[in-house]
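Annotated in Swiss-Prot:
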BINDING   D486, D492  Mg(2+) binding site
DOMAIN    553-612  domain 'KH'
DOMAIN    622-690  domain 'S1 motif'
Amino acid sequence: MTHTISGQYGRDTIVLETGNWAKQAHGAVVYKSGNLVLLATVCAADDAKEGQDFFPLTCEYTEKLYSVGRFPGGYFKREAKPPEHEILISRIIDRPIRPLFPEGYFCEVQLQVQVLSADGDVSVAGHALNAASVALTISDIPFNGPIAGARIGRINGELILNPTTKEIVNSDLDLVVAGTKTHIVMIEGEAKELSNEEMLSALRFAQKHIAEFVTLQEEYAKQIGVVKREVKLKARDVELLAKVKEYAFAKLTAANQTPDKTVRNKEISNVNKDVVEFFKQTVEDADKIKDIKTYLHELEYEIVREQVLNQGVRFDGRRLDEIRPISVEINPLPGPHGSSVFTRGQTQSLGVVTLGTGSDNQRYETLEGQKEKSFMLHYNFPAFSVGEVRRSSGPGRREIGHGNLAERALKLVLPKSEEFPYVIRVVSEILESNGSSSMASVCSGSLALMAAGVPIKGSVSGIAMGLFSDSSGKYAVLSDIAGLEDHFGDMDCKIAGTRKGITAFQMDLKVTGVSFDVLESVFEQAQRGRFHILDIMEKHISKASDSLAGTAPRIIVRNIPKDRIGELIGPGGKNVRGISELTGAELYIEDDGRVTISGSNQESAEKAAKMVDGFFAEVEVGKIYEGKVKRIADFGAFVEILPGKEGLCHISKIDFKRVNSVKDIVKEGDIIRVKVLNVDKTGKIDLSRKDALEEI
């Protein structure tokens, strides 16, 4: 049976249809908004795999290029490995949905959202999250939703729900927010140095609209008559759990007081081994032994949280708002254009900056067409940073997500291309990690940009905030969380910004929502922490270096008329190649007439710029030019005084004395000085070497 419902979501009319397409999926919905058509499907295994002790959820967002009537690029002409922007939207779907499955539910779940028809004015991220929630809500799969997603922009101080692709360009805020009827569960976005109050106002605005779409989903599920599966949870051995707690509580409590991550992990491991060996004397069942390991993890969770909530004590002895010790190094590497090392506790990021030219832009394909990026931040998280051994491969979803967050934090303080015409690549190499490595990347990246001479608007710092809460409403907000506190806490909230305001924000929860009272506490405490970090960073470098590295390219920009681009390029690129061969510089010409000239040194770039200027300069009567003899005739020499502009120096004007043969005085290829005597109506140029010599 087909079920359809429609409703208003801000300015958009949303239509939901099920029962016609993808009927064998456990949940499927066709989601429409204007010309945007999404198909969201979800399937779940009937039972968890034997021995499964985690929730295997896969979320995949895919853009089909046929949705805009285009062929995919590449040899095979089909969609292949997902590009970064699809991975980022997949993560936006995954992060708010994951904590809303029942605790202990370990059946494999696969959620897919596909763009079947695109609308160039509609931004997809919020709609994709909505479609995913609808598919889960109307399925028989256990899910503590529904939730809704909202993309929030702000233009001239006015908040906008689901701004168009054109509106978002002029917005000083770009947030994707997910929530239930009453609480926010996920935030991801960037802002142009907005205040805490402005950010909270945007979140309240989002929450109001989110509640509307959650209500629509509830009505839809009621219309369909959804019946959820029974969750099969493994029975707990209460007696064994009590014995484990009695034997291990004091040992685990002592081990958890160790501030050093490596030492602490070893001590916890030793306690766990000791407990397992002790109970093996009386417990023979292998499944029971595995249960003991689970109970030990639960006990550690209980110990860490009890210390924070009831004693106000963190495992490493810090106050709740205390930042770990910070150290900074500027330009530790001699070869790169700029570098820094930012260390906070046992988290360390090496930030490295490379300056490039227009040809180094990153080009990528989206539903809107080909796009280019002139700033990129790449985040690398090698196994050695956490003392592990694993196969090295390309960046995973986590690395792409962390890099994107740090990139968004920094890109809004970069100078405009007119002021600093370089392509910029920042790489964050995580050398060691104990929590908050993405925010360490923001700090090392900001420092390295200044060290490289990039005139950013201000230093940017980032901090990760945590939350411990209980069912009574008691909570504690933690600044600069370590890996242990991230693992056992309820929230990982990352906030980056300058002294003026916030530039990037990301929040993920392990609980079903967080109140605005808590969010206000988080923002206020995070700001104090960010400013403390900025104080330390700015003691080492507070403004961009006055000069670029010797190995950095030198760039000069020229703007030429769009209708004369072809003149500069020349037939088959002849002119551009000629300039490059003569000067060693490279030219990058954009469709709007912007010409970026880059040389390995200033002299090379200036020489090429002078030649570019020559193509569009007007010949001035009475001016002396240095030109190249291009051809020789019996009656004179043809001299190129500007690129593409030749004049005739008659034999009578080549020298003071009588000249029998032009070749007696000049030869092809000679560089000579000539004076412009006249330019007639047809553009013919009359030159004189003799007059130029008189003025020397």
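Every residue gets a Cβ built from N, Cα and C, even glycine.
The Cβ of D492 (Mg(2+) binding site) lies under 8 Å from the Cβ of A464, M465, G466, I481, D486, M507, D508, each of which sits 6+ residues away along the same chain. On the 0 to 100 pLDDT scale, the domain 'S1 motif' (622-690) averages 92 in this prediction. The residues of the domain 'KH' (553-612), classed with DSSP into helix (H, G, I), strand (E, B) and coil, number 32 helix, 16 strand, 12 coil. DSSP classifies D492 (Mg(2+) binding site) as strand under the three-state reduction.
Sorting each residue of the domain 'S1 motif' (622-690) by its DSSP state yields 8 helix, 36 strand, 25 coil. Other Cβ atoms within 10 Å of the Cβ of D486 (Mg(2+) binding site), summed over all protein chains shown, number 18.
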